[in-house]
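J.: To start, I am sharing the structure in question, which I have written as C-alpha cells.
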Amino acid sequence: MSKNQVNNVFHQDFKIKPIDRQKRLNQKPLLIWFTGLSGSGKSTLANGTEQRLFQNGYHTFLLDGDNIRKGLNKDLGFEKEDRNENLRRIAEVAKLMMEAGLIVVAAFISPYRKEREMIKELVGEDRFLEIFVDCPLEECEERDVKGLYQKARKGLIKNFTGIDAPYEAPQKPFLQLPTSDWSKEECLDKIIGSIKEKITWIA
Ligand SMILES: Nc1ncnc2c1ncn2[C@@H]1O[C@H](COP(=O)(O)OS(=O)(=O)O)[C@@H](OP(=O)(O)O)[C@H]1O
Ligand SMILES: Nc1ncnc2c1ncn2[C@@H]1O[C@H](COP(=O)(O)OP(=O)(O)O)[C@@H](O)[C@H]1O
C-alpha cells in the first residue's frame with residue numbers, strides 16, 4: 001500500500017471502550033514478554049505462567065514463536081528485517097488482545113533491544129513486563145531441544161541466534177531467570193510472585 005493510501009485511512013472510535021472490557025473481566029491487561037535464546041526455556045515458562053494465571057481465574061492468551069511462524073507470519077524468515085517485521089506484527093496482535101482485556105503471555109527470541117523497546121512503547125511501559133530467560137549458550141546447545149543447534153553448527157541453518165546471528169541481552173528486565181541454576185517450578189514461583197501486584201484489579 002502506498003503512503004497516500006495510508007493517509008486516506010481514518011481511526012474509528014468504538015462505543016465499547018477498553019475500560020469497559022477491563023471492568024467486565026475484572027482484570028488489568030498486561031503483556032508478559034519472555035525473551036531469550038532458543039532452548040533457554042521461554043515456551044516452558046510462558047506455558048507454565050499462563051496455566052497458573054488461567055487456573056486462578058484470569059483471562060489469558062499465549063503467543064509463541066513457533067506457532068505464529070506457522071500461521072500469521074509464515075511468510076517471514078530469520079533475516080534481521082524479517083525478525084523485526086515478525087515482532088512488529090506480534091506486538092500489534094498483542095495490543096489488540098490487550099484492548100480486548102486479556103493478559104497476554106508471549107515467548108519470542110526477540111533478539112534486538114531496539115525491537116523490544118518498540119513493543120514496550122506500543123503497548124505502554126507500565127503494561128510491558130520483560131522477562132529475560134537467561135541461559136548460557138553452551139547449556140542451550142547441550143539441551144538442543146529441537147536439534148537446531150546441531151543443524152546450525154553444520155551450516156544447515158543460517159542466521160541462527162547465538163551461532164551466526166546476535167542476541168542482545170536485556171539491560172534492565174523486569175525479571176531475570178537463570179534457568180540453568182533454577183528449576184522450572186522455582187522460576188514460575190518467582191514470576192507469579194512478582195506479577196501478582198500488577199494483575200490485581202483495583203477499581
Ligand atoms: N535461524 C533461526 N534462529 C532462531 N530460531 C530459529 C531459526 N530457525 C528456526 N528457528 C525456530 O524459530 C523459533 C524462533 O522464532 P521467533 O519468532 O521467536 O524468533 S524472533 O523473535 O523473530 O527472532 C525458535 O523457537 P525457540 O527454540 O522456541 O526459540 C526455533 O524453533
Ligand atoms: N528452569 C527451567 N525453566 C524452563 N525450562 C527449563 C528449566 N530447566 C530446564 N529446562 C528445560 O529446557 C528446555 C527449554 O525448552 P523450551 O521451553 O522449548 O525453550 P525455548 O522456548 O526458549 O526454545 C525444556 O526441555 C525444559 O524442560
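Placed from the backbone N, Cα and C atoms, the Cβ positions cover glycine too.
Below are the features I grabbed from TrEMBL:
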ACT_SITE  Ser110  active site, phosphoserine intermediate
BINDING   Gly36, Leu37, Ser38, Gly39, Ser40, Gly41, Lys42, Ser43  ATP binding site
DOMAIN    29-176  domain 'APS kinase'
J.: From Gly36, Leu37, Ser40, Gly41, which binding-site residues have a C-beta atom under 6 Å away from some atom of ligand 1?
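T.: Listed by sequence, the hits amount to none.
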J.: Distance check, please: Cα of Gly41 (ATP binding site) against Cα of Ser110 (active site, phosphoserine intermediate), rounded to an integer number of angstrom.
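T.: Between the Cα atoms of Gly41 (ATP binding site) and Ser110 (active site, phosphoserine intermediate), the distance comes to 14 Å.
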J.: Secondary structure at Gly39 (ATP binding site) (DSSP, helix/strand/coil)?
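T.: DSSP assigns Gly39 (ATP binding site) to coil.
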J.: Take the C-alpha atoms of Ser38 (ATP binding site) and Ser110 (active site, phosphoserine intermediate) and report the distance between them in angstrom, rounded.
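T.: Distance (Cα to Cα, whole Å): 10 Å.
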J.: Identify all same-chain residues not among Gly36, Leu37, Ser38, Gly39, Ser40, Gly41, Lys42, Ser43 whose C-beta atom falls within 8 angstroms of the centroid of the ATP site's C-beta atoms; report them in sequence order.
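T.: Along the chain, the qualifying residues are Phe34, Ala107, Ile109, Val133, Cys135, Cys140, Thr179.
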J.: When neighbour density is defined as the number of other C-beta atoms within 10 angstroms of a residue's C-beta, which of the binding-site residues Gly36, Ser38 has the lowest density?
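T.: Each of the binding-site residues Gly36, Ser38 was scored by Cβ atoms within 10 Å; lowest is Ser38.
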J.: What count of other C-beta atoms do you get within 10 angstroms of the C-beta of Ser43 (ATP binding site), across all chains shown?
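T.: Its Cβ shell of radius 10 Å holds 20 other Cβ atoms.
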J.: Could you tell me the C-alpha distance between Ser43 (ATP binding site) and the residue listed as 'active site, phosphoserine intermediate' in angstrom, no decimals?
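T.: For Ser43 (ATP binding site) versus the residue listed as 'active site, phosphoserine intermediate', the Cα atoms are 13 Å apart.
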J.: Tell me, which binding-site residues from Gly36, Gly39, Ser40 are within 10 Å of the residue listed as 'active site, phosphoserine intermediate' if we use the C-alpha atoms?
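T.: The binding-site residues passing the 10 Å Cα test are Gly36.
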J.: Treating G and I as helix alongside H, and B as strand alongside E, what does DSSP give for the domain 'APS kinase' (29-176) in helix, strand and coil?
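T.: Secondary-structure breakdown of the domain 'APS kinase' (29-176): 67 helix, 27 strand, 54 coil.
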J.: If you draw a 10 Å sphere around the Cβ of Gly41 (ATP binding site), how many other Cβ atoms fall inside it, taking every protein chain shown into account?
T.: 26
J.: How many neighbouring Cβ atoms, not counting its own, are there within 10 Å of the Cβ of Lys42 (ATP binding site)?
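T.: For Lys42 (ATP binding site), the 10 Å Cβ neighbour count is 25.
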